[in-house]
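Engineer: A single structure is presented below for examination.
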């Protein structure tokens, strides 16, 4: 029953936090992240990241990306996939190189410095999606490019991570050799094509004929969670599966019914827990000891994604402000970077001495990113 009380506290606190944030013209997600900092070990210490909080937050981020997929215009995603490729590629090369360079400057072991760069290369677009949704700019060329780039980014980061682990430690994120892992992922994306084209429309049509309460919503959640599970199984982020599940269901005539119901479910319970869980990981006990390292690496984390995304978008003839908006949308690190950090620690590539400071770097860049994204979005869409 203890978790029920914790959940109640989180829901009340995030509602108040969102309200206060919006009153001051700040994205609501900032209020929810700060609630996590306040309630966690860095603040009052009332809530700790336990298994149930983790599971609820995982469902929250999956539902958030499912909603982003439902809201996305497939034709726009196809149209801006090419600029998304440029943005993702440069958004990985810049952080990996400058993350490694920063590690070398602080006299970190070479393998560990390389892993710093890989951690900074991971983008967690779920928080950016929340800002895009709040400002109603998901279905714009910038929003579609950010979403397309995040998909490519996730695939490339997984490949870089797999290769780096194999090269640096002789291990991998999967038990399979890299060529077989790539083949698995290729088949997964082939299955996504089949899902969008035929499977999802058939399943949603079947659900309409089932005499059971909320059969349509249940079927959509089965598709969402099933695709997330399969993505996780082959070494991709579960949010990639959720995003494409949303796109698949968005091609059916029950799209709006599914969106309204899943949005109510997600924002009532699971999504606030996800944003709070990010804030719960903050621990300021190591902050004063390594403040220079934390501040410089945070600056590197922000600038490399912003500039990499900017140059990638400029290659595709975006205006300067639009390109900066795309770059800003790629800054957030979130859960993907934390997962890579954990893998690095378990593989003895990240020393405990640097673990907490790196968590703080990831969380600081995640906290700052919505403000930067909102600023550049307002410059592009002033009205």
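Each residue, glycine too, has its Cβ placed from N, Cα and C.
Pulled the feature table from Swiss-Prot, pasting it below:
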- 1-21: transmembrane segment (TRANSMEM)
- 24-44: transmembrane segment (TRANSMEM)
- 51-71: transmembrane segment (TRANSMEM)
- 83-103: transmembrane segment (TRANSMEM)
- 112-132: transmembrane segment (TRANSMEM)
- 145-165: transmembrane segment (TRANSMEM)
- 186-206: transmembrane segment (TRANSMEM)
- 216-236: transmembrane segment (TRANSMEM)
- 262-282: transmembrane segment (TRANSMEM)
- 291-311: transmembrane segment (TRANSMEM)
- 323-343: transmembrane segment (TRANSMEM)
- 353-373: transmembrane segment (TRANSMEM)
Engineer: Can you say which of 1-21, 323-343, 353-373 has the most Cβ pairs under 8 Å with the transmembrane segment (262-282)?
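Structural biologist: By the under-8 Å Cβ criterion, the transmembrane segment (262-282) pairs most with 1-21.
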Engineer: At least three Cβ pairs under 8 Å linking the transmembrane segment (112-132) and the transmembrane segment (216-236), pairs spaced 6 or more in sequence?
Structural biologist: no
Engineer: So which residues does the transmembrane segment (1-21) touch in its own chain, when a touch means Cβ under 8 Å and the partner is 6 or more beyond its ends?
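Structural biologist: Cβ under 8 Å, 6 or more out: 27-32, 34-35, 38-39, 46-47, 50, 52-53, 56, 268-269, 272-273, 275-276.
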Engineer: Can you work out whether the transmembrane segment (216-236) touches the transmembrane segment (51-71), with the criterion being 3+ CB pairs under 8 Å where the paired residues are 6 or more apart along the chain?
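Structural biologist: Yes, the transmembrane segment (216-236) and the transmembrane segment (51-71) are in contact.
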Engineer: What parts of the chain pack near the transmembrane segment (51-71), using Cβ distances under 8 Å and only residues at least 6 beyond its ends?
Structural biologist: 3, 6-7, 126, 129-130, 133, 138-139, 147, 224-225, 228, 238-240, 242-250, 255, 258-259, 262-263, 265-266, 269-278, 280, 335
Engineer: Using Cβ atoms and a strict cutoff of less than 8 Å, what residues sit near the transmembrane segment (291-311) while being 6 or more residues removed from its termini?
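Structural biologist: Distant contacts of the transmembrane segment (291-311): 86-87, 90-95, 98-99, 102, 106, 116, 120, 123, 149, 320, 323-324, 326-331, 333, 357-358, 360-362, 364-365, 368-369, 372.
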Engineer: Considering pairs 6 or more residues apart, do the transmembrane segment (83-103) and the transmembrane segment (145-165) have at least three CB pairs under 8 Å?
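Structural biologist: By the criterion, they touch.
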